[in-house]
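K.L.:
Before I ask anything, let me first share the structure, which is written out below as structure tokens.
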Amino acid sequence: MVDTAEGAGRRVLLKLSGEAFAGGGGVGVDPDVVQAIARQIAEVVRGGTQMAVVIGGGNFFRGAELQVRGMDRARSDYMGMLGTVMNCLALQDFLEKQGIDTRVQTAITMGQVAEPYIPLRAQRHLEKGRVVIFGAGMGMPYFSTDTTAAQRALEIHAEVLLLAKSGVDGVYDSDPKTNPDAVRFDSLDYSEVLKRNLKVADATAISLCMDNDLPIVVFELLTEGNIARAVRGEKIGTVVGRGRG
């Protein structure tokens, strides 16, 4: 696909939270929300950007929270991984309805619904203009989907990790939902995020990006057109990288 639009030809990885898929309902998938997300992604892909996606499973299960209630952490993490696959299939369906060829690759083998995760195959799909959705996390307990997103972005040679949040438009010095005076950062250095324990992603994911100079853009997901703005490099949300802040 040849396109001279700004952002065309870039390879990016988009991380979506599972909670966003619930549309405020807490549990399950809101078709209207997933359709709106698919529409945004389709717009970007038609412009020539190669896009991979990692989705959380928090709208179904959270391993750490289930552990608090007495469940074995590893088993509850595996439940969360299966939840991510349900989200992947939902997004795949809505993307296909937008006319976007899509492949789901999972870290846990489930041949009837998805391909196994094979990095080189994922890159070939991206080169052919397909969206690749990575499911089942890392396939191992104790690793978050934020860490999965950072690792997958590095392995497929993405230029940037886009962290799309639901209900928050960047990184703040405190929780803007409880502190009306919270200040949003335009940019931050990785080390500052870790030092101040800012709620961007878990420390493992941030460290992985820092060690490999992978920039992160944190922005609000459900504002129409925001994914395209982030891909184009417009001033949106918070940029995390080396020497910023």
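Backbone N, Cα and C define each Cβ position, glycine as well.
Caution: TrEMBL annotation is automatic and unverified by curators.
Remember, it's a predicted structure, so these values are computed and weren't measured experimentally.
As annotated in TrEMBL:
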DOMAIN    11-219  domain 'Aspartate/glutamate/uridylate kinase'
BINDING   Lys15, Leu16, Ser17, Gly18, Gly58, Arg62, Tyr172, Asp175  ATP binding site
REGION    23-28  region 'Involved in allosteric activation by GTP'
BINDING   Gly57, Asp77, Met138, Gly139, Met140, Pro141, Tyr142, Phe143, Ser144, Thr145  UMP binding site
K.L.:
Looking only at C-alpha atoms, tell me how far Tyr172 (ATP binding site) is from Ser144 (UMP binding site), rounded to the nearest Å.
P.N.:
21
K.L.:
I'm checking region-level scores; what's the whole-number mean pLDDT for the domain 'Aspartate/glutamate/uridylate kinase' (11-219)?
P.N.:
95
K.L.:
Helix, strand or coil by DSSP: which one applies to Tyr172 (ATP binding site)?
P.N.:
strand
K.L.:
Work through the binding-site residues one by one (Leu16, Gly18, Gly58, Arg62, Asp175) and name whichever has its CA nearest to the CA of Tyr142 (UMP binding site).
P.N.:
Arg62
K.L.:
Determine, to the nearest whole angstrom, how far the Cα atom of Leu16 (ATP binding site) is from the Cα atom of Gly57 (UMP binding site).
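P.N.:
The separation of the Cα atoms works out to 9 Å.
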K.L.:
Measure from the Cβ of Lys15 (ATP binding site) and count the other Cβ atoms within 10 Å, all protein chains considered.
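P.N.:
Its Cβ shell of radius 10 Å holds 27 other Cβ atoms.
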